[in-house]
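Visitor: What follows is a structure written as structure tokens; I'll ask about it next.
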Amino acid sequence: MLTTGLVLEGGGLRCVFTGGVLEYFMEQSFYVSYVIGVSAGACSGTSYVSRQRGRNKQVTIGYVRDPRYISYLSFLRGKGLLGMDFLFDEIPNKLVPLDRLALKSAVEKMIVVATDCETGNAVYFDKDVCSNYDEAVRASSSLPFVTPSVELDGMILVDGGVADSIPIRKSIADGNQKNIIILTRERGYRKPVRQSSSIKKWLIKRYYHNYPNLIKALELRNQRYNETLDYIEELEKQGKVLIIQPKAPVTVNRLDKDTNKLEEFYLQGYKQAANRFQEIVDFTRSI
């Protein structure tokens with residue numbers, strides 16, 4: 001178990017699938033020593049490491065229809081599409097409190113991925129040494145264009161998925177010989193790689209004209225994502241990773257507010273973890 005990593009892709013509300021998987025893991029008291037998450041995957045991983053059963057479902061499905069969660073009116077007023085103060089202050093501090101003592105004392109390493117606007121590179125925050133873990137998670141989830149960037153440790157940060165959507169290479173570099181990877185898209189999915197439209201190019205340059213390296217990272221994001229999927233599928237053939245992902249084409253989108261769809265997708269993750277649990281345990285023991 002000491003050399004097994006758990007890698008959590010983001011995907012906004014598609015991460016209810018991840019929440020279902022992790023809920024079953026917690027029910028079985030199944031924990032690995034290293035967790036790394038991006039965006040909503042970092043949020044899901046945090047509740048897993050703090051051992052708060054039911055929390056991932058409560059903070060997503062339980063609140064997604066609250067107007068403070070997603071607001072197009074707020075976006076039109078220039079305050080961002082997602083209610084970041086609601087998501088990263090009111091919910092974890094008041095409505096569904098994060099057990100910070102449990103998180104701090106947990107023996108598991110928890111790494112959060114964000115993107116540095118200046119360099120366009122991924123930045124990795126360890127919960128045990130990070131100056132402000134809450135802000136690191138918030139930065140990891142700060143979607144370009146629709147939510148404000150976050151300043152932390154002298155850096156301007158946005159969503160970790162821009163630079164490192166599926167941080168398997170970081171997990172391997174940190175010494176994990178085997179990795180469980182939870183993806184929020186079905187097998188065979190690839191992002192479209194094509195020339196950005198003139199409108200999209202204009203938007204990127206308008207928003208981030210001071211950050212040419214971030215612009216480049218945004219332009220290469222889909223290509224890098226697809227290359228990473230090719231890489232992990234090759235690792236899977238070598239027996240070095242175990243991939244958990246939806247079996248059917250995913251109809252849940254990043255900002256989906258359909259609680260019936262979200263509930264069903266959550267259960268898909270839970271059931272897949274249950275059905276494959278012995279395989280998962282055997283995988284971690286075969287190092």
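Glycine too: its Cβ is placed from the backbone N, Cα and C atoms.
All TrEMBL annotations are machine predictions without curation.
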Visitor: Which stretch does TrEMBL mark as motif 'GXSXG', out of 37-41, 127-131, 202-206, 262-266?
Guide: 37-41
Visitor: Can you count the other CB atoms that lie within 10 A of the CB of Ser39 (active site, nucleophile)?
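Guide: I get 29 for this one.
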Visitor: Please report the Cα separation of Asp159 (active site, proton acceptor) and Ser39 (active site, nucleophile) in Å, rounded to an integer.
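Guide: Given the Cα positions, Asp159 (active site, proton acceptor) is 6 Å from Ser39 (active site, nucleophile).
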Visitor: Including all protein chains shown, what's the count of other C-beta atoms within 10 A of the C-beta of Asp159 (active site, proton acceptor)?
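Guide: Asp159 (active site, proton acceptor) is surrounded by 26 other Cβ atoms within 10 Å.
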